[in-house]
């Protein structure tokens, strides 16, 4: 995998500039064949901008700046060329077409970063950190991704694998050179070190849920009957009109997703269809989807209308959020009240709101911060797992190590518990990419955009 590839690296749409990137063997030759310098200098200077034009059959395609970066000190550790074009859709597309017509191949999704991994510039956890940085919705998520790109996950896993390797060395030495294993072998040092590794693995695994929240946001679902103010709440939190607000019940028929940064905490908010009994097929599907979102939510905001009497549909909503992490809003307090709070919401903490008048919104925001800042993992914590793939691998390693330590304590023959010990060591290598198969690699890099 060293042929010349090319792709658009800048975002699609109107912009000041566009970027087309190439890497691989022969990319300088491809550039030479389509680039006409403004002066007569023959060679590109490493890491220096060169002004000129991209041409196709001597016809100018675009006025550009070109930067040629010579291997190995590049993103991919191969020769890299970046062409800075005028912004917009057409200019970058036409420049890319010229490159493809003159020897470059269109890059696959994530192929630039995949080459950086295969060429040893980054490990797999760092490659995954790059896509997390690109997708980060808050400063905190970005900071965690940056630490992982700098190698925080790699350092943690390498330290644990090194300890497991020391244990394996001790065990294998005993297998090969101890004549009477049962009488002479002392497993105590190996057992103690194994317990230390196990404890650290469990702490990493336990960090994954809060790490996921930092990375993906608090999965928050707004529920309630039609016209209680769900879409108005979304707009109030966003501080813009994203959702349609009308007096017509059932206006929201599908789930609207938006991200909000709340004092460094990211909320992924799902504005759902109003929950009620309905004969409308489309609305009914929306209601069913609303209910299904509840089970996967980290937080549920249930809204009730203080101007209406409590009814069976309200009771159904209360039942849905029972034993869930939730906040109850009693909205429309600016209207005459029909809702008996003491009778129907006894023992439930309620925030009184008039979303239309922006009353109670700050109280809601403060409540969310209070709920999720309690023991919240800070972005400068290196001992944090944000990737679900990493968590699953760590959990598999925990099972293997627990099995090995159990057999060790039970006096099982040494060559038996060595198998699970080695398995734990190999499993952890999947995080950094040292023991991962091609299918996993292809899946990870397919999540990247083309051009990264």
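Quick reminder: no glycine exception, Cβ is built from N, Cα and C everywhere.
As recorded in Swiss-Prot, the features of this protein are as follows:
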- 21, 82, 121, 452: (6S)-5-formyl-5,6,7,8-tetrahydrofolate binding site (BINDING)
- 217-373: domain 'TrmE-type G' (DOMAIN)
- 227-232, 246-252, 271-274: GTP binding site (BINDING)
- 227, 246, 248, 251: K(+) binding site (BINDING)
- 231, 252: Mg(2+) binding site (BINDING)
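This view paints the features noted in Swiss-Prot onto the structure.
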| residue | record | DSSP class |
| --- | --- | --- |
| 21 | (6S)-5-formyl-5,6,7,8-tetrahydrofolate binding site | strand |
| 82 | (6S)-5-formyl-5,6,7,8-tetrahydrofolate binding site | strand |
| 121 | (6S)-5-formyl-5,6,7,8-tetrahydrofolate binding site | coil |
| 227 | GTP binding site | coil |
| 452 | (6S)-5-formyl-5,6,7,8-tetrahydrofolate binding site | coil |
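When averaged over the domain 'TrmE-type G' (217-373), pLDDT in the model lands at 79. Cα spacing between residue 21 ((6S)-5-formyl-5,6,7,8-tetrahydrofolate binding site) and residue 227 (GTP binding site): 50 Å, rounded to the nearest whole number.
On its own chain, residue 82 ((6S)-5-formyl-5,6,7,8-tetrahydrofolate binding site) has 9, 19, 20, 21, 22, 66, 67, 69 as residues at least 6 apart in sequence with a Cβ closer than 8 Å to its own Cβ. Around residue 230 (GTP binding site), a 10 Å sphere centred on its CB holds 32 further CB atoms from the protein chains shown.
For the pair residue 227 (GTP binding site) and residue 452 ((6S)-5-formyl-5,6,7,8-tetrahydrofolate binding site), the C-alpha distance works out to 44 angstrom.
Cβ neighbour count for residue 227 (GTP binding site) (all protein chains, 10 Å cutoff from its Cβ): 21. Residue 231 (Mg(2+) binding site) sits 36 Å from residue 452 ((6S)-5-formyl-5,6,7,8-tetrahydrofolate binding site), counting Cα to Cα.
Taking the Cβ of residue 121 ((6S)-5-formyl-5,6,7,8-tetrahydrofolate binding site) as reference, residues of its chain lying under 8 Å away and at least six apart in sequence are, in sequence order, 75, 76, 77. Set side by side, the binding-site residues 21, 452 differ in how many other CB atoms lie within 10 angstroms of their CB, and the most is found at 21. Counting in whole angstrom, residue 452 ((6S)-5-formyl-5,6,7,8-tetrahydrofolate binding site) lies 38 from residue 230 (GTP binding site) by their C-alpha atoms. Counting Cβ atoms from all protein chains shown, residue 231 (Mg(2+) binding site) has 23 others lying within 10 Å of its own Cβ.
Taking every pair among 21, 82, 121, 452, the residues listed as contacting (6S)-5-formyl-5,6,7,8-tetrahydrofolate, the largest Cα to Cα separation comes to 19 Å.
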